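Student: Here TrEMBL flags A:Lys232 as active site, proton acceptor. Feature annotation from TrEMBL assigns NAD(+) binding site to A:Gly30, A:Gly31, A:Gly32, A:Asn33, A:Trp34, A:Gly35, A:Ala181, A:Arg298, A:Gln327. Sequence annotations record features per position, and here TrEMBL assigns substrate binding site to A:Lys144, A:Arg298, A:Asn299. The domain 'Glycerol-3-phosphate dehydrogenase NAD-dependent N-terminal' feature in TrEMBL is assigned to A:25-199. Positions annotated as domain 'Glycerol-3-phosphate dehydrogenase NAD-dependent C-terminal' by TrEMBL: A:221-362. Taken from TrEMBL, the feature region 'Disordered' applies to A:63-86.
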Number of protein chains: 2
Amino acid sequence: MVCENFDYSTFNNNHGELENDRRKKIAIVGGGNWGSAIACVVGKTVKKQSDVFQPIVSMYCRDSRKPGDKSPSIADTINSTHENSKYLPGRRIPSNVIATTSLLDACSSAHILILVVPHQGIPQICSELNGKLQPGAHAVSLTKGISSSPDGAKMKMRLISEDIEQALGVECSVLMGANLAGEVADGKFCEATIGCKSLKHGEELKMVFDTPNFRIRVTTDFEAVELCGALKNIVACAAGFADGLGWAYNVKSAIIRLGLLETKKFVEHFYPASGTEGHAYFESCGVADLITTCYGGRNRKVAEAFIKSDKPLQQVEKELLNGQSAQGPPTAQDVFEMLEMHEISARFPIFESVHKIFVGEHCEQNLYDAVRNHPDYD
Amino acid sequence: MVCENFDYSTFNNNHGELENDRRKKIAIVGGGNWGSAIACVVGKTVKKQSDVFQPIVSMYCRDSRKPGDKSPSIADTINSTHENSKYLPGRRIPSNVIATTSLLDACSSAHILILVVPHQGIPQICSELNGKLQPGAHAVSLTKGISSSPDGAKMKMRLISEDIEQALGVECSVLMGANLAGEVADGKFCEATIGCKSLKHGEELKMVFDTPNFRIRVTTDFEAVELCGALKNIVACAAGFADGLGWAYNVKSAIIRLGLLETKKFVEHFYPASGTEGHAYFESCGVADLITTCYGGRNRKVAEAFIKSDKPLQQVEKELLNGQSAQGPPTAQDVFEMLEMHEISARFPIFESVHKIFVGEHCEQNLYDAVRNHPDYD
């Protein structure tokens, strides 16, 4: 469901008068490429809505310096130069975004947490923040991946937003969509989808992110939104393999379509109540993000280089991503293990083949057969 | 609805014995790029199913030589060299495909007509064939475009397949999908969707086209299938403009997504009973064809060149398409006129802007605004 008409006069202030301490404070958790691009957007939107949001946005950037390294931290660099020269060089981060290496300093007074860290970093972040947040705070996750929780002998499928909700005790929405970080930071036009549990939070988050050049739509179909964001990275790896192998346009389009169908099937299997009408797939998080990622994203790039060389994945990532990693390969592994545990991997041959190519168990021909003999054609 | 289980033992022969004259004869009408690629596929499939189909496929190629031109016709060239050197050079057309410049010779004994001519050529073809076909013959249209019929003061929306059905008095299915002609002719993997009224004909057509490298799915949602095939050419023109203007990945993806939404909205408006569950958009004729066309097709190419130069459209087409034309511009015009007549063009700003750019009434900024202020964001 998409709702656009939320009454902010009531939401902001029931008493007709704004007090400073009723304005919402925003914290960004994550100082990578995407976190920095989002800081460029959010720094500007809060300044324009100073009746609703506190003008200072805090931004947690992990101190990744090795012991003895005397160079400034990323947080220091951002605060002095207003640029993340390591992960988003050449783009100005607004000066009302104040970076810090202290997670608690960044988050303890915040009402809205924007989580933009790799999946692997989530447990540590949540454990440090547990019990330290403002009452009524809520979060939005921009992290792509899937999680799991013990369920007898099997593992139960979990969303990362569910992990965050459980670990922090706050409601967690998601933001996914067709947005390459550099283009977003440059203020080029793009779209995104917010998947939320309550429209009150969804519409508040729309105010945080929406600009004339960053158009946001809100839907309560949050499971499909989050899984579109996670699984598209696997499809993009398949698309990257196709590019690396010199396959034709028609094949790549078939891979993207079949990948979208596997995504839909995955959502339907694990969250049968979500996405039944298929709306999420027509949102930016669906078909648009898939196209952007399969043509312009880092997962496509890494997969293309991986299949063309004999280098290990880590080496390829190191050469291409400047210290960051691609989320497709670990998501493919997590998804494949989940499918195996639930004995349904045969229905997802593209997801399976992507994982097996990365771990050396499949070759080019297996992927081609996964496409040609896809169960969708039966 | 997609059906895969059709009993061909009953269909082929109710009496347990095949007779030569019960085998179906196939005719291809159209000797252009796509008609020739389809001849490569169909020539092979019928040879492998000689119990069902007559091995000789006839192919009508219009004699486009000017008076006094002594060079061989395309039909002669195909019959002597098994290649359409003008429109599909370098690809071998199977020798059981026999070309002719006589429409009646090609079609009068055929049971299945494959129509692969530009929209503009359909009325003449149908008028010549009217009353001259085998009893029980049926057709499949690969032509992209929309039609109309008088309806009081307004014009009523019509499908090209409806025109064919009315003019020929035979049932007409459609085949649409992500298939660039050259790649199909080369036997590279691709997919297509057949939209049919009766599954008996749909499944028979699947036998005509389906190969391990040309995978066919059948659905009765024929209006959505046909309109996906027609309207994607308009979206591809918008994508080509975006490329020509150097717009970013995110913008192009947004254009493709919004174009898909306009397509869906168009189908829902004119054929409210079709495509309500959105399945056709997940078929090859939907998202896959859209991606292929927006990245690799001739409409994208023509639109990109058009917006980068000051040349008239016809000149650009002449330079790029070797005498063929792109279907996007005339379809955009037909669609815009239909939308205006029904007073709903404001809901289709991308379709509108594409047409108006081609006729010089819109510039770059109008298209950008059509995207940024799209009613989907309201």
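Heads up, the Cβ atoms here are built off N, Cα and C, so glycines get one too.
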Student: I'd like the number of other C-beta atoms within 10 A of the C-beta of A:Gly32 (NAD(+) binding site), please.
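Tutor: Taking every protein chain into account, the count is 23.
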Student: List the helix, strand and coil residue totals of the domain 'Glycerol-3-phosphate dehydrogenase NAD-dependent C-terminal' (A:221-362) as derived from DSSP.
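Tutor: Output for the domain 'Glycerol-3-phosphate dehydrogenase NAD-dependent C-terminal' (A:221-362) reads 109 helix, 0 strand, 33 coil.
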Student: Within the same chain, where does the region 'Disordered' (A:63-86) have neighbours whose Cβ lies under 8 angstroms from its own Cβ atoms, ignoring anything closer than 6 residues to its ends? I mean 6 or more beyond.
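Tutor: Contacts with the region 'Disordered' (A:63-86): 31, 36, 92-95, 97-101, 322-323.
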Student: Which of the three DSSP-derived classes (helix, strand, coil) applies to A:Gly30 (NAD(+) binding site)?
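Tutor: Looking at the DSSP assignment, A:Gly30 (NAD(+) binding site) belongs to neither helix nor strand, so coil.
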Student: Where the record says A:Lys144, A:Arg298, A:Asn299 bind substrate, what is the longest distance in Å from one Cα to another among those residues?
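Tutor: Taking every pair of listed residues, the largest Cα separation comes to 13 Å.
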Student: For A:Gly30 (NAD(+) binding site), which residues in the same chain are close in space, meaning a Cβ under 8 Å from its Cβ, but six or more apart along the sequence?
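Tutor: The answer is A:Tyr60, A:Cys61, A:Ile114, A:Leu115, A:Val116, A:Val117, A:Gly121, A:Leu142.
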Student: Where does the mean pLDDT land for the domain 'Glycerol-3-phosphate dehydrogenase NAD-dependent N-terminal' (A:25-199)?
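Tutor: Mean pLDDT for the domain 'Glycerol-3-phosphate dehydrogenase NAD-dependent N-terminal' (A:25-199): 95.
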Student: If you measure from the C-alpha of the residue listed as 'active site, proton acceptor', which of the binding-site residues A:Gly32, A:Trp34, A:Ala181, A:Arg298 fall inside 10 Å?
Tutor: none
Student: Can you tell me whether DSSP puts A:Lys144 (substrate binding site) in helix, strand or coil?
Tutor: coil
Student: Looking only at C-alpha atoms, tell me how far A:Arg298 (substrate binding site) is from A:Gln327 (NAD(+) binding site), rounded to the nearest Å.
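Tutor: Computed Cα spacing between A:Arg298 (substrate binding site) and A:Gln327 (NAD(+) binding site) is 9 Å.
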Student: With A:Lys144 (substrate binding site) as the reference Cα, tell me which of the binding-site residues A:Gly32, A:Trp34, A:Ala181, A:Gln327 is the closest one.
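Tutor: For A:Lys144 (substrate binding site), the spatially nearest of the binding-site residues is A:Gln327.
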Student: Restricting to the same chain and to sequence separations of six or more, state which residues have a Cβ under 8 Å from that of A:Asn299 (substrate binding site).
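Tutor: Non-local contacts for A:Asn299 (substrate binding site): A:Asn233, A:Ala236, A:Cys237, A:Gly240, A:Thr293, A:Ala326, A:Gln327, A:Gly328.
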Student: Would you identify which of the recorded positions A:Lys144, A:Lys232, A:Arg298 has the most other C-beta atoms lying within 10 angstroms of its C-beta?
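Tutor: Highest number of other Cβ atoms within 10 Å: A:Lys232.
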Student: Per the record, NAD(+) is bound by A:Gly30, A:Gly31, A:Gly32, A:Asn33, A:Trp34, A:Gly35, A:Ala181, A:Arg298, A:Gln327: how many Å separate the farthest pair of Cα atoms?
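Tutor: That value is 18 Å for the farthest Cα pair.
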